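Data first, discussion second: the structure below is written as structure tokens.
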Amino acid sequence: MEKENNIALSSAGTSRVRQRKRSNEVIPEPSKPNGGTLLVDDRNKYKSMWIRTYSTVWMIGGFALVVYMGHLYITAMVVVIQIFMAKELFNLLRKAHEDEHLPGFRLLNWHFFFTAMLFVYGRLLSQPLVNSVTPEKFLYQFVSSLIKYQMAICYFLYIAGFMWFILTLKKNMYKYQFRQYAWTHMILIVVFTQSSFTVANIFEGIFWFLLPASLIVINDIFAYVVGFFFGRTPLIKLSPKKTWEGFIGASVTTMISAFVLANILGQFQWLTCPRKDLSTGWLQCDPGPLFKREYYTLPGWISQWFPWKEISILTVQWHALCLGLFASIIAPFGGFFASGFKRAFKIKDFGDSIPGHGGITDRMDCQMVMAVFAYIYHQSFIVREGISVEKILDQVLTKLTFEEQQTLLTKLGQILQDRLGHS
Amino acid sequence: MQKDNSAPSTPTSARARHRRRSNEFPADESKTNGHLLLVNDHNKYRSMWIRACSSLWMLGFFLLVIYLGHLYVLAMVVIIQIFMARELFNLLRKAHEDKHLPGFRLLNWHFYFTAMLFVYGRILSHRLVNTVTSDKIFYRLVSRLIKYQMVICYFSYIAGFMWFILTLKKKMYKYQFGQFAWTHMILIVVFTQSAFTVANIFEGIFWFLLPASLIAVNDVAAYFFGFFFGKTPLIKISPKKTWEGFIGASVATTISAFVLANIYGSFQWLTCPRKDLSTGWLHCDPGPLFKPEYYPLLPWLPSTEIAILPVQWHALWLGLFASIIAPFGGFFASGFKRAFKIKDFGDSIPGHGGLTDRMDCQMVMAVFAYIYHQSFVVPQDYTVETIMSEQPYFGRAANTVYEVRTDIAGENVRTELKFIQMHFEGDCNQNFLWMKGIVLTLFASPVMVGLDYSLRMSPA
């Protein structure tokens, strides 16, 4: 990290708004016209591209390794990323001299973080956790009672933090403390919403986590590359380095790669099978109608040019097109939001963990919007296709004991009788 | 409201609580804490009379709505919520920045409408399905809405998000981001408590009425104990609260929790849950919680027996929470007002300030009541589960059947059951008029908002 800093500082003074420095202030150059900051005109752009490429390759490599290792490790990675993101954001709007008068205030932030973690992951992982501990009776009872009272436990932890906050209000510091309190809540909402949806996606099948994340990465990379070579027209005042050429080029590339990637990723059972418990072993499952191949014969004129007579398309590739569309058009707004936020509060980067890229939040800003969309899309359009009377009957007959089936039948009969009886 | 204008003509006394036209603190803050205690106020009887009057009106209105039924209580909650959100939205707005940002207020209401759709959609979807209608088109529209509810809400939120980003103006970034964060915080606070309140209502009006009454009793008792006996200040944030008031109110609240639970528990109108959106009379089996058990009052005299409902023991816990922890909601609101130097959240209610001033403790209590109910009351009702748990160990299958509400697998079966129901073409003749009424209420709120907006925009 030292080496890059020295290289950066020793390079001649050029418009290097993106270049990372020790202090986190914006370089004062508002007088230049907008054209002056486009990437095409940078002299040292190749150097910065090399730094960014290097750290990107490392990130992708690390990510691929974790995906290979499995669902639990991905969840752990998400949790670790989340902790670092929260730390960056907590530190952001803190004012050093007020903090001296308020000991224990930072601890309050982490208390709320821990409560939110317990709440969110408790809800998400309760079913897989229960499925994991069924072989052992004692652990099962402990876990199921923990789950039953999970909401009450989290609530009391939150109330304890709330009361602690009120009892530590200091005269003349009320405004600062309330602002920090609101800021803490906003951070926790942003961080936990996206990470909880990410983890929910992971347990539905790594495919539903990997595909959206890859699309965002591809969109970023191609926007950078296309803007590097062809960028002329600025896109939005908030992010002066983004261009329309980069945006449109990246959109097209993202849609195409969504279609192709879904095909590639859909072939691996490791990626497409859902995980019902917290084990780490190999997965086998019936892929379901979404991942079954359909063969389309290509029209005659294509087979003259290319050696393929027919192509196989998985049904999921059409869904991937929708994901690609969202990733290229709407997800960049997460990046604009982060840029606007940095301008509003006059900060340069959220942190400096990643060389060339800024902090972790800088990388995750578009991912957050995408993760939420992927989960909602999955819940609304993909899961619903799986419900049918046969499937439910199958679940009822295989998963419930005989007495439970009888009780279910009685209850269902009662409900239907009520409905018919009223007509 | 006009009557209070005669107040400033009274001689200078420490009238920090007295409502005035402007919302700033009076200049007598420098007086020592002792002067602000209620015992020393000369005009305290006048202010007590005003507060008592408006309290009685609110109580009367509230009782009427309870008598009318679940749907009307729900409507009342929604209306209170709209007014509370409006008060809070107006609070930290700065007038001269707002001129440069047309349409920014509309953005607030857009997010409000999205949150409303999301929260009430989830709560009422279960009940909407049960209210079978003979109007096929309406039924299909509603079932489609429910299926895609999450997507609709998400896209509505994203539209607001994109709108916010596209309207960011140079040099106003900080103000706009501040307002955006403020909007989110308001919506979270307002909707969390109202969502839990509505969920409680449909479990049985008892679970809404009892916590709300306890907070009101606690407030009133604290006021009177402080009025007559208050000497030692309680907390710096609220200089008018005293330890005597606090402790007296705690005792009074706990006792009245016990008594009130007995009184309320005798009415089926209050204790029966409502499974659909009808408004007719309710009959149900009260459940083991509301069956009276007889205890001899004096152990050696078996003839003096009193009937105690098991729910009264639960009510003791609710009373304890209401007297000890719920006042922190009030302290939070007081601290907030001091931090941002505002006197009251609004001036809708004479003698009490704004709507948020009344609801601050209620909010904390509503959430607790729901969580208490879900964690400690509901699991006792399911006798099938208790039977099954006695048998040797069904493993996770034991949880997959029932409405054990804290269990996700049960949730899945219920959801799937719901979809089976939706596939049946019911032809029942229940009045779907009330369902239309609910949908109309949900959609009428933006109309109200639009009216409010246009009224404000007209030069007044």
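Glycine is treated like the rest: Cβ placed from N, Cα and C.
On a predicted model such as this, the values are computed, not experimentally measured, just so you know.
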Segment assigned the feature transmembrane segment in TrEMBL (from B:180-199, B:280-299): B:180-199
The annotated transmembrane segment range in TrEMBL, which must be one of B:242-264, B:380-402: B:242-264
Close approaches to the transmembrane segment (B:180-199) from elsewhere in its chain (Cβ under 8 angstroms; 6 or more beyond its ends): 74, 77-78, 80-81, 84-85, 88-89, 92, 107-108, 111-112, 115-116, 119-120, 123, 164, 208, 359, 362-364, 366-367, 369-371
Closest-packing stretch to the transmembrane segment (B:242-264), where packing means Cβ pairs under 8 Å, from B:56-85, B:145-168, B:205-230, B:311-333: B:205-230
